[in-house]
């Protein structure tokens, strides 16, 4: 997957991509780096500072980025699965199901408490931001 994406943006086939193309490559792989993050990643791997990145450097960079975002993406996917109507909210019952499927062994009381804490406006539903905050707070 990475080699195909890399090759797509290695226009002249010389084994390097320009830093300008990096953002496009990463977005095609489902990443969404900020400009600052792109510059940081480029600086980390572009040893000679010539503005191009070879494939081994690219793999190193993607491995770092994906390790950072893996758990967040897993949470995002879990949220999508149980947000049945795709409206950006999950119900309390759906949340209970999500927690069970993520391997959390919680009592009903514990789940109810999490729902109360996460459900800021008290409408019985939890939006994505609230869900992520709940799942990542320990």
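Including glycine, each Cβ sits where the backbone N, Cα and C put it.
Residues 83, 85, 87 are recorded by Swiss-Prot as Ca(2+) 3 binders, and the candidate that the same record lists for that site, out of 74, 94, is 94. Separating the Cα atoms of residue 119 (Ca(2+) 4 binding site) and residue 87 (Ca(2+) 3 binding site) is a whole-number distance of 16 Å. Secondary structure at residue 130 (Ca(2+) 4 binding site), as computed by DSSP, is helix.
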